[in-house]
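Feature annotation from TrEMBL assigns transmembrane segment to 6-22, 29-49, 108-125, 131-149, 161-183, 203-221, 242-260, 272-293, 300-323, 335-356, 377-399, 457-481 (among others). Per TrEMBL, the feature domain 'NADH:quinone oxidoreductase/Mrp antiporter transmembrane' maps to 125-423.
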Amino acid sequence: MLSLTIFLPLATALVVLILPRSRPFLIRWVALAGALLAFTAALGLLTGFDAARPGLQWRATLPWIPPVNAAYDVGVNGFSLALILLTAWLLVTVMVYVLRNDDRPKGHAALFLLMATGLLGVFAAQDLLLFYLFFEVGLVPMYFIIGLWGHEDRRYAAMKFFLYTRAASLAILLSFLALYLLMEPHTFSLPTIIEAQPLAQGSTAGGWIMLGMLLGFGVKLPTVPLHNWLPDAHVEAPTEGSVMLAGIQLKMGAYGLLAIMLPTMPRVMLEYAWLLLALALISLVYGALAALAQQDLKRLIAYTSINHMGYIMLAAALAVLAPTASVQALALNGGIYQIISHGLLTGGMFFAVGVIQDQTGTREMGRLSGLSRQATVFSLLTGVLVFGSLGLPGLSGFIGEFQLLGAAVSWNFGVAGVTLAALVITTGLYLRIVISVLWGEPHAQAAAMREPEGRKLAILGSLTILSLLLGILPSWLLGIIRETTRGLAAG
């Protein structure tokens, strides 16, 4: 079932490529059907998942490259299953959003489906070489999506995206190869490496391996100062590209940090915890302040992603610095909850900005006001997503931030104070969106705004409802990830 979930989008992409170009409507519906099948398969994984059982489930292993002891090895725990469900649903929403887009639909749909297979594979891979392969498959399509379907400066943004992420991939690959060579016998098996702990005795190599992975996953997260590619990529990407970039692709960096680095090298992570903590706090404050200075809604949301991913780096730091396993687990629960919540809320906000730009021709907040008078339902849904992002109780954003703040308070009041200051700044900038864009007298350019099509309202509605459910009933997701966070904290 897991392999079916991973490769259904790829199989659909191959079907799309043989369909005639003269049938764009058929191409879009086939792509949507493939996305729905993948999501259905992901739900099948959920129904067969035993949250009370630690370790990997839905495991499948086949020989792949025997001379180097690399295997096709996939499996899921609570963390990776949550990310697979998020990926599959956002793929569905993207396919619904572009259902009537006739701009080279064959290549467009095939690239998104190929990307989805890479992303799903990243979250399931239990072999580091296989992880790297899926990592590349998940990244390369985005270069073409930005470069071919993006806005005015799309080629510059696409090249910048490619150079940064290519450098990140190479850093990750070199670190994986170093881990492979340290293992006796040599292996890329992630569970075997975690069990053997080749870096537990401490070595110079351990520091370099850790820094290599931190560089690679830090670019994808992204963390300051490795973030420079992200604002341009978001601004120039088409709406659906921004949704997948923020909603899922950034999570590859978060997943690598928490699911690969933390369990394979906890001692080395502890030695460099000061660096993780510094990067986390800088990203939290810088991302919030930079977002506050923006007028372009897309660029503003891009910088808030840097701020939100700072919480993930903070979770990693607290997972090794906190004095007790319970506080470490609290930080990890908060970090993982934040990952899923950010995917839903930020993905929804990028959809909303896309609707605004399509109807009004602008993303500048100075030219947008009073949208609630022009499109009440749309504004209500957008407002809920914005309030969820600022951490309003009852919505998903609150749960992760509350747990992380609690873990920070338990460890160090200074760190908690900086985290709280960043929260105050982000609250101000999100309220600015509500006041400047949704409320007030309609600006002349905003007068063109109308309620979007039903399918686009349905997309926003689905993401809003999911955020509400995760905010009101957090025990569901916390129950799924509980054994994973316990295992990471115990390590």
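Backbone N, Cα and C atoms are what each Cβ position is placed from, and that goes for glycine too.
Since this is a predicted model, take the numbers as computed values, not measurements.
Tallying C-beta pairs under 8 angstroms between the transmembrane segment (272-293) and each of 108-125, 131-149, 161-183, 242-260, 300-323 places 300-323 first.
Counting only same-chain residues 6+ beyond the ends of the transmembrane segment (29-49), those with a CB under 8 A from a CB of the stretch are 1-2, 4-5, 8-9, 11-13, 15-16, 19, 57-58, 76, 78, 81, 84-85, 87-89, 91-92, 94-96, 99, 105, 109, 112-113, 116, 120, 480.
Highest Cβ contact count with the transmembrane segment (377-399) among the listed stretches 6-22, 161-183, 242-260, 300-323, 335-356 falls to 335-356 (criterion: pairs under 8 Å).
Tallying C-beta pairs under 8 angstroms between the transmembrane segment (300-323) and each of 6-22, 108-125, 161-183, 335-356, 457-481 places 335-356 first. Taking residue pairs at least 6 apart in sequence, the transmembrane segment (6-22) and the transmembrane segment (108-125) share three or more C-beta contacts under 8 angstroms.
Here the transmembrane segment (6-22) has long-range neighbours at 30-31, 33-35, 37-38, 41, 74, 91, 106, 109-110, 113-114, 116-117, 120-121, 124, meaning same-chain residues at least 6 beyond its ends whose C-beta is under 8 angstroms from one of its own.
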